């Protein structure tokens, strides 16, 4: 049995393509892994504060000197960090906002990139402490950006996940979502085919998956 942590970061509850992909991913994953446990953290329903003086202070001062607000900030960060550390599989649903990730997802990373917990400073430089985990990134993009100079989303996510030791990362892009019905249909079809390929090449699958649609 594996633990699967899903992070939803779309600001929209309705009409969100990244949420659509997440729902399909979870549905088909459960068919193949019925015993796995899912935890979904929705950053739109439960927004996190941006990195601020309270959290920075809590990280850098002794516990007995924390104010009540600093304790709450640290407890939140600890809870989020432990969720990530306990997960075997991470699923990030990340629409592209202004060529990058939603600020809510950046805030989540700011809470869980913790020296001594998710990475450490070693003699040879920073070392990720979350080796052995897998990640799937489900993105929705209004235009077509993969492999181009305006795609600051995938390079950043690969770097930040690799920084904490997560190198087995699969990206599933739904592109052209705002370019008209034809582009949208083709973009969703490509994303679903990529998802099907990613799930079918999972060596732990014990049953064939139905067609993604």
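Cβ atoms are placed via backbone N, Cα and C, with glycine included.
These features come from Swiss-Prot:
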type: BINDING; residues: 10, 16, 17, 18, 96, 97, 98, 99; note: FMN binding site
For residue 97 (FMN binding site), which of the three DSSP-derived states applies: helix, strand, or coil? strand
For the binding-site residues 16, 18, 98, the one whose C-beta sees the most other C-beta atoms within 10 angstroms: 18
Spatial neighbours, same chain, of residue 99 (FMN binding site) - Cβ under 8 Å, 6+ residues apart: 145, 150, 151, 152, 153
DSSP output for residue 16 (FMN binding site) maps to coil
For the FMN binding residues given in the record (10, 16, 17, 18, 96, 97, 98, 99), what is the largest pairwise C-alpha separation in angstrom? 17
